[in-house]
Amino acid sequence: MDSTTAIGNGVGSGGSPGFCLKDPLNWGVAAEAMKGSHLEEVKGMVEEFRKPVVRLGGETLTISQVAAIAVRGSEVAVELSESAREGVKASSDWVMESMNKGTDSYGVTTGFGATSHRRTKEGGALQKELIRFLNAGIFGNGTESCHTLPQSATRAAMLVRINTLLQGYSGIRFEILEAISKFLNNNITPCLPLRGTITASGDLVPLSYIAGLLTGRHNSKAVGPTGEILHPKEAFRLAGVEGGFFELQPKEGLALVNGTAVGSGLASMVLFEANILAVLSEVLSAIFAEVMQGKPEFTDHLTHKLKHHPGQIEAAAIMEHILDGSSYVKAAQKLHEMDPLQKPKQDRYALRTSPQWLGPLIEVIRSSTKSIEREINSVNDNPLINVSRNKALHGGNFQGTPIGVSMDNTRLAVASIGKLMFAQFSELVNDFYNNGLPSNLSGGRNPSLDYGFKGAEIAMAAYCSELQFLANPVTNHVQSAEQHNQDVNSLGLISSRKTAEAVDILKLMSSTYLVALCQAVDLRHFEENLRNTVKSTVSQVAKRVLTMGVNGELHPSRFCEKDLLRVVDREYIFAYIDDPCSATYPLMQKLRQVLVEHALKNGESEKNLSTSIFQKIRAFEEEIKTLLPKEVESTRAAIENGNSAIPNRIKECRSYPLYKFVREELGTELLTGEKVRSPGEEFDKVFTALCKGEMIDPLMDCLKEWNGAPLPIC
């Protein structure tokens, strides 16, 4: 930023985030942050998440850095900018000097909130009382339920609070911030209550427990590096914080508790995952189009360019990239050309309008990400110490509305992604809609003893229902608090918590859906090989039985072969393959129908036994019944042993890295009723990998060749 256009706190580079006079309302900065593609932004987040150090200066913290500190623990170190020390010290000194001069300042010489009319000269005692009365949380120790904030969310809050206080507007000593960073770097996490904050005036109650640990309160506890419970003295020793517990100076207790760090810290974690899940939903939609034999024109750039929404345009371009050159798309095109007037002209909405559905949701998630990144780099306590103007400013930056609103919006977007996923899943397992895949995606030999993903569909309905409930807003449930002083409040942390729940449920859905898509990929592989076997067998039998008459002469039935093979091409394999020669299944019925139709056209020749096609039907069917079941079983066994005649098409597709990860690295396999392994066991593997971030690389590998633009309109 041009230093000539910034107003600082008058105390060095660490004392001010800078205020650009060329963009006084900050809209320019906000717009600049939205440039480029969402995918490139997510790639940048992942890269930053994996860095070994997070350097804090108060101005450049990102959600990926917060997520890294939250979940990677001691793998990532926190470093405080030394240049911020001067500004932090200046604001702390100003508070002490103003106290000594008798200046009346909120929370320094006054009571708090609705009782700020009270006055005291005992500034240190006032801070101690602030922490005591805010320690109002319930942990439920000794009960089955847990009411403790997850350690990851607490670590996120600690990092964000340090970042805010580093900017030098809060009147707190640098040494306290160093102590918090030592707790982070040594993986020592204070125990904070899960509930009890309305995120205005900040997250008072949970943050007071961080202050409680710093001051050595008897009821304060922390969790150590190996999960052990620590009392304050032991926590200080393990963290290497010297000098004993802190005796808070005037304003320092208020500086620690009067901020939005818990809500915005958790929101950062949530959004890091939501952004990745949004990209995953785009790729899963493309794989859905592949296994459903969808028509790829739904991704055509002109369609989306005419709609103007950037999220939609990018979603379509990503799907277009996955489908471009896909072996499934090429094969499906041939199928669509066969009897086109007997098939739907368009795919259903869950496939065809997936870019239009996902696009606005990605825009919402991206916008929320920027809003939360502004919040975690904001100074959000009260009062603010403006050293350069020699005054304390009484305002309301503790109001966490950006968090509540962003999280409500994100949760709605997450729920809508889940709704699309459920609609796609429902089509995938339904043999009325899935273009020839078996009902329930059953992969076994006997569908009467294999119900595939039926239980999974019920679970998906449960997930989706809960997710839709969570989509309801939190921010319209505000209650007037603290003697009507906090009469409007953001409910930021509550909304963040509910969004974290929603993201967790979307991960359950994504895991289940991805395993189902891999099942569908394998079933298409079975389908292709089995159809090839059936065609080969029918062709072989036709040549053997229908070509020659009893005396070696050419027989009229030899002309039936082409139509017989056309039946095999047109009939869904899984409609008959469990018992291919059954008279009640369509294959034998339609093969016979071909022979009957040819016989009816045979005219006078049909009256002659030596040229009658009717006379060939029994021999043809008997030969089919002799050969086909053996050939089908042989083909099944070959596929199961990895020796299929036709390789799996997925290996030729850009979606292959995701399939390969699920099948090879996670060790999942085709689910059938013949095997002991349950669907939930496979879903668990994928869910765990998704939670650990192990799916990020294969997901990004699917898109590594994308140049950030749609294909040209030709």
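Note: Cβ is positioned from N, Cα and C throughout, glycine not excepted.
Computed from a predicted structure; not experimentally measured.
Within its own chain, Tyr106 (active site, proton donor/acceptor) has Ser116, Asn382, Pro383, Ala392, His394 as residues 6 or more apart in sequence whose C-beta sits under 8 angstroms from its own. In the three-state DSSP scheme, Tyr106 (active site, proton donor/acceptor) is classed as coil. The active site, proton donor/acceptor annotation in Swiss-Prot covers Tyr106.
Taken from Swiss-Prot, the feature 2,3-didehydroalanine (Ser) applies to Ser201, supported by sequence analysis. Within the same chain, residues at least six positions away from Ser201 (2,3-didehydroalanine (Ser)) with a Cβ under 8 Å of its Cβ are Gly113, Asn258, Asn382, Phe398, Gln399, Glu482, Gln486.
Within the same chain, residues at least six positions away from Arg352 ((E)-cinnamate binding site) with a Cβ under 8 Å of its Cβ are Gly294, Lys295, Phe298, Gln346. Marked as (E)-cinnamate binding site by Swiss-Prot: Asn258, Gln346, Arg352, Asn382, Lys454, Glu482, Asn485.
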> Given the binding-site residues Asn258, Asn382, Glu482, Asn485, and counting only Cβ atoms in the protein chains shown, which has the most within 10 Å of its Cβ?
Replying inline: Asn258
>> Please list, in sequence order, the residues in the chain of Lys454 ((E)-cinnamate binding site) that are at least six apart in sequence and whose C-beta is under 8 Å away from its C-beta.
In response: Val429, Asn440
> Helix, strand or coil at Lys454 ((E)-cinnamate binding site), per DSSP?
Replying inline: helix
> Just counting, how many other CB atoms are there within 10 A of the CB of Gln346 ((E)-cinnamate binding site)?
Replying inline: 11
